[in-house]
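*Asks:* Below you will find the structure I want to go over with you.
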């Protein structure tokens with residue numbers, strides 16, 4: 001048996017079913033091209049009979065993709081198969097994926113037929129799909145809850161009918177690994193023609209076991225895993241592609257299996273899918289979460305500085321990230337601060353480590369995570385009190401035009417103690433407020449991310465706005481909190497402006513240090 005596991009990506013079919021709004025054809029094509037770069041073997045890109053839009057997107061992708069096989073889904077109905085075949089016909093090679101329910105629950109309650117009738121429908125669908133392509137996949141929907149005798153019969157007959165891939169889905173994410181592995185093993189033991197097809201698995205994450213079940217399945221002989229980028233999909237989602245790829249890569253010695261995935265494209269693909277699908281990746285998500293390669297514990301940070309493999313079983317570079325992060329928090333030791341100052345270009349002679357570390361701990365206790373610009377400001381600015389802000393929002397008044405969608409904001413901003421009043425019109429209240437603040441302060445801020453969340457519940461909830469801005473190749477993080485979202489947004493902007501103002505002051509200090517070094521060196 002081959003040790004190569006086929007990666008069947010269904011982000012654009014099963015994954016898209018979980019989205020609040022459908023993707024456009026252009027967005028689907030962007031994701032398909034990213035999946036091709038990633039190296040997926042097969043991409044299931046839609047359900048053509050479901051809508052003209054889905055038909056168009058399948059056809060467009062099938063025309064474009066060359067290095068992955070494009071697949072479309074169909075029920076065990078000739079009209080569905082016709083639509084799939086027509087949409088895919090523009091591709092040189094393609095796969096038709098047809099399915100029918102096989103569990104007693106589904107057969108009796110959803111299909112309202114006998115199992116023998118369902119078996120005949122499945123065989124007929126596979127034979128009909130073979131008229132269009134040799135590459136036909138058949139799925140036994142809800143296989144995880146199908147009586148094993150019925151499942152073995154269905155698999156054997158589907159292979160006889162011409163299916164070259166047989167998919168065993170845990171449709172409702174119900175099975176546990178030992179149980180699911182046993183199902184796969186039983187199929188290999190009891191289905192006489194099973195060597196004529198690739199056994200595939202499609203596991204859902206309702207109990208958080210989709211990845212574990214998929215790994216167990218390939219240990220028992222399955223050689224295709226159906227998955228999605230970031231694990232998106234119906235209900236609790238699908239098996240996560242990036243987790244499967246990195247498990248098989250990281251534990252290759254133990255599992256003896258491999259994929260054709262270009263792991264260095266994982267992070268880029270994950271970010272694209274998250275952005276286009278408007279589905280943020282949770283920070284603690286394995287492999288691609290923001291904290292996946294971030295270390296906050298002082299003990300862990302010390303180990304990482306001595307040897308990366310003390311606390312990392314894979315490198316961030318392996319998935320296309322530049323480096324890991326050592327979060328500077330109150331748990332960080334002096335060695336971490338010294339290391340970071342060195343990375344920022346400072347020698348021990350440039351600052352007082354005892355004073356810096358004491359001030360660092362005080363700030364970390366107050367705000368949680370300390371960023372590079374905070375650390376530099378602590379080292380080279382005498383005052384870091386929050387009441388010494390250079391910019392202060394004193395007043396904000398917004399008037400919105402509900403018919404045109406525009407808004408006008410008037411602000412009073414204190415700049416180094418002097419109050420300046422300005423007004424501006426924008427595309428909505430937040431845009432207007434930001435333009436007015438920019439006029440009053442004279443600062444242009446390049447905002448790269450904006451996130452709104454609620455603190456508290458009900459009518460007493462506060463709106464929290466978190467923004468990130470790019471300034472002099474550094475990211476600055478601003479936070480604003482208020483009962484009014486526009487006010488919270490303006491406060492977040494003012495926060496960032498004060499940070500960048502301090503950064504300019506630090507830059508002046510750094511320049512003086514460099515000049516002093518040069519003068520000292522020339523004596």
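Backbone N, Cα and C atoms are what each Cβ position is placed from, and that goes for glycine too.
Sharing the features that Swiss-Prot gives for it:
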BINDING   14, 202, 204, 238  Mn(2+) binding site
DOMAIN    5-267  domain 'Pyruvate carboxyltransferase'
REGION    392-523  region 'Regulatory domain'
*Asks:* Take the Cβ of residue 238 (Mn(2+) binding site) and count every other Cβ within 10 Å, whichever protein chain it belongs to.
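*Replies:* Excluding its own Cβ, residue 238 (Mn(2+) binding site) sees 30 Cβ atoms within 10 Å.
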*Asks:* What are the sequence-distant neighbours of residue 202 (Mn(2+) binding site), meaning same chain, six or more residues apart, C-beta distance under 8 angstroms?
*Replies:* 10, 14, 139, 167, 168, 169, 170, 171, 226, 238, 239
*Asks:* Using an 8 Å cut-off from the Cβ centroid of 14, 202, 204, 238, can you name the remaining same-chain residues around the Mn(2+) site, in sequence order?
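*Replies:* Nearby residues not in the site list: 10, 169, 171, 203, 205, 210, 226, 227, 228, 233, 234, 237, 239.
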*Asks:* Please report the number of other Cβ atoms within 10 Å of the Cβ of residue 204 (Mn(2+) binding site).
*Replies:* 24
*Asks:* Sort residue 202 (Mn(2+) binding site) into helix, strand or coil using the DSSP assignment.
*Replies:* strand
*Asks:* Based on DSSP, name the secondary structure state of residue 238 (Mn(2+) binding site): helix, strand or coil.
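*Replies:* The three-state answer is strand.
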*Asks:* Using DSSP, would you call residue 14 (Mn(2+) binding site) helix, strand or coil?
*Replies:* helix
*Asks:* Could you tell me how many residues in the region 'Regulatory domain' (392-523) are helical, how many are strand and how many are coil under DSSP?
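*Replies:* The composition, in the requested order, is 54 helix, 56 strand, 22 coil.
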*Asks:* Across the domain 'Pyruvate carboxyltransferase' (5-267), what is the average pLDDT of the model, as a whole number?
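*Replies:* On average, pLDDT over the domain 'Pyruvate carboxyltransferase' (5-267) sits at 97.
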*Asks:* Hey, what's the Cβ neighbour count for residue 14 (Mn(2+) binding site) at 10 Å?
*Replies:* 23
